[in-house]
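Asker: Supplied in structure tokens, the structure appears directly below.
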């Protein structure tokens, strides 16, 4: 799904680094997968993949399964990790993350 945007080796390394429950840190993950240095267009493409229901927002249930976008066998985020991730990205407080909020969070 991320071919041409992100390298498989970077994704594998990033997933390995947050395998343990409670170890997911979005900033570190975005850096490890190489997303931080990507263009706005590429970040928007990644957002489109994560936005599974195509609502133009990433909601809490999609964040919980965030890692599974990168590997089907990846773990779900814990409730605490999901809440922290949502809070970090949801700058307008509407309970979901839009594409501009996502881009701002990635660039961090």
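Every residue, even glycine, has its Cβ placed from backbone N, Cα and C.
Features from Swiss-Prot:
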- 51, 53, 55, 57, 59, 62: Ca(2+) 1 binding site (BINDING)
- 90, 92, 94, 96, 101: Ca(2+) 2 binding site (BINDING)
- 38-73: domain 'EF-hand 1' (DOMAIN)
- 77-108: domain 'EF-hand 2' (DOMAIN)
- 1: N-acetylalanine (MOD_RES)
Asker: So which one is it: of the binding-site residues 62, 94, which has the fewest other Cβ atoms within 10 Å?
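Answerer: Each of the binding-site residues 62, 94 was scored; lowest Cβ tally within 10 Å is 94.
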Asker: Say you check the Cα of residue 59 (Ca(2+) 1 binding site) against those of the binding-site residues 92, 94, 96; which is nearest?
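Answerer: Considering only the listed binding-site residues, the nearest one is 96.
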Asker: Between 53, 90, which of the binding-site residues has the fewest other CB atoms within 10 angstroms in the structure shown?
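Answerer: Selected from the binding-site residues 53, 90 on minimum Cβ neighbours within 10 Å: 53.
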Asker: Tell me the Cβ neighbour count for residue 51 (Ca(2+) 1 binding site), meaning other Cβ atoms within 10 Å of its Cβ, over all protein chains shown.
Answerer: 20
Asker: Fill in the CA-CA distance, residue 57 (Ca(2+) 1 binding site) to residue 92 (Ca(2+) 2 binding site), as an integer in Å.
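Answerer: Rounded to the nearest whole number, the Cα-Cα distance is 13 Å.
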Asker: Apart from 51, 53, 55, 57, 59, 62, which residues in this chain have a Cβ no more than 8 Å from the mean position of the Cβ atoms of those residues at the Ca(2+) 1 site?
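Answerer: My list of surrounding residues reads 52, 54, 56, 58, 96.
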Asker: Within a 10 Å radius of its Cβ, which of these binding-site residues (59, 101) has the fewest neighbouring Cβ atoms?
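Answerer: Candidates: the binding-site residues 59, 101. Fewest Cβ atoms within 10 Å: 59.
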Asker: Between residue 96 (Ca(2+) 2 binding site) and residue 55 (Ca(2+) 1 binding site), how many Å separate their Cα atoms?
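Answerer: Cα-Cα, rounded: 10 Å.
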Asker: Mind tallying the domain 'EF-hand 2' (77-108) by DSSP state, helix then strand then coil?
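Answerer: So the domain 'EF-hand 2' (77-108) is made up of 20 helix, 2 strand, 10 coil.
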Asker: Over the domain 'EF-hand 1' (38-73), what is the model's mean pLDDT?
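Answerer: Here the mean pLDDT over the domain 'EF-hand 1' (38-73) amounts to 97.
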